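A quick write-up on the structure given underneath.
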């Protein structure tokens, strides 16, 4: 029994990280209808910025959080405004190929400057022992941070006028335009928020997982799965998708070995794609 | 409608240029020609589902990799090479038909994601099924006891044969009911179903065609290199590369994808030779420029436009 408590808590901790990782990707997909192949590299870029600030200048990751957020938002905003916006209403083949091309550039630049050596910030905070369940403190903080950031985005989407405008554009672009919303600007802001969430996920990840350009594809794959499992374009969807994926991977890893954890995630995704393409809590009509 | 003559002339000229490389060039050029033919076959195959039907399929690498593995496993069990390639083709075609029945129900972004997931899933299954596939260590194939020049020449002709087969299939599909139906699905799937096209069967046929030649090419590639492993066989980069080639030449045209493959491979060789550190980024720049400035592909350029010949039910 105790082992299952540990598996469940591991799964939930992992799931919160996945939710934070995927929520920006989900937002961009839902609002812009663009599959952002850059997302994995954005996460790693955030991680690198955090690592080098800590390694070279001794800046604590928590201090880096707002800085990375601001930088990544600016990068995402500019990229959407100057490049992606030109094809934003083109078919998926065009937008996906374009973001993949951009990803090749960013990936190459990062591999060239930082090399692919895995790097990680070790804060060494020990672990909390709750009798039957042991929780490493750095991971616990990472989880909490990921949850706070994801919920913060939820608050912004619900409460601020920008957030409401984004939701409006997502529901009906033409109607939103008629209401005086500048959709181009909303698109750029949304892409900026997507990059920002990827960046801050990278900050959290730098303290939990090794940072290397080799894993950009893996994180991108997680974002796919979380989106499809939870449903597109909403924060609660990403949260549910993330937690479900975390639990599934945790249990699959225990029963079938760690190698099968990722396989289980993809199988879950394909099954849901076919049986319930709106995701577990998605709304019909948003496919 | 317009005659197909410029199309056939260009096709035969292109194949001849590739086929005659061993007469006047060194092994490196012959190898590049074989790679051009291989990617030409892959891009021409993708064209069935991506170009004619307009479904954003990213599963090319899955079919290529599975073909390579089925061929390799057959050969390791003593089945002769040619037969192993044929088995790989049939097995992967059957796999694609079954898979198509499931994922072709999806459209647009969901289909794109689903087809990418298929590549990852194949890689994961192959790398964990070690008893059959050797897992992450990969598989060695029986080496052929030929000198390098002869080996290279042999595989050049094999790849050319696969390319030719895929082109002939394209021409047949283009002029048949199937091709017409696929183009209808591309334009408006619901309307196509309404006028009596069996969209499910047509899409599955296109998806299967897009898998077949990839599998043959994969199996031949495995025999050529003599070693395969999961990471190399199932690359998302390769999948996207093939799509970019088809777009570069002109998706939905007959010769476009093969032409795009030739242009892309030559560019890639150029970048590898001169900018080793930055070749990936340069390819990224090529993709961005392609999307912005040449969305219709090379065949939309004035001089080459005549090669589009039979586009949109031309043969009728």
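Placement of Cβ uses the backbone N, Cα and C atoms for every residue, glycine included.
What you are looking at is a predicted structure, and each value in this text was computed from that prediction instead of being measured.
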- Message: If I go by TrEMBL, the feature transmembrane segment sits on one of A:160-185, A:186-211. Which?
- Response: A:186-211
- Task: State the non-local partners of the transmembrane segment (A:223-248) in its own chain: residues 6+ outside its ends, Cβ under 8 Å from one of its Cβ atoms.
- Result: 8, 10-23, 25-27, 29-31, 39-40, 150-151, 153-154, 157, 170, 264-266, 268-269, 272-273, 277-283, 286
- Item | Same-chain residues at least 6 beyond the ends of the transmembrane segment (A:186-211) whose Cβ lies under 8 Å from its Cβ atoms | 17, 20-21, 23-25, 27-28, 31-32, 34, 36, 38-39, 42-51, 54, 61, 64-65, 68-69, 71-77, 79-81, 84-85, 88, 118-121, 123, 138-139, 141-142, 145-146, 149, 153, 162, 165-166, 169, 176
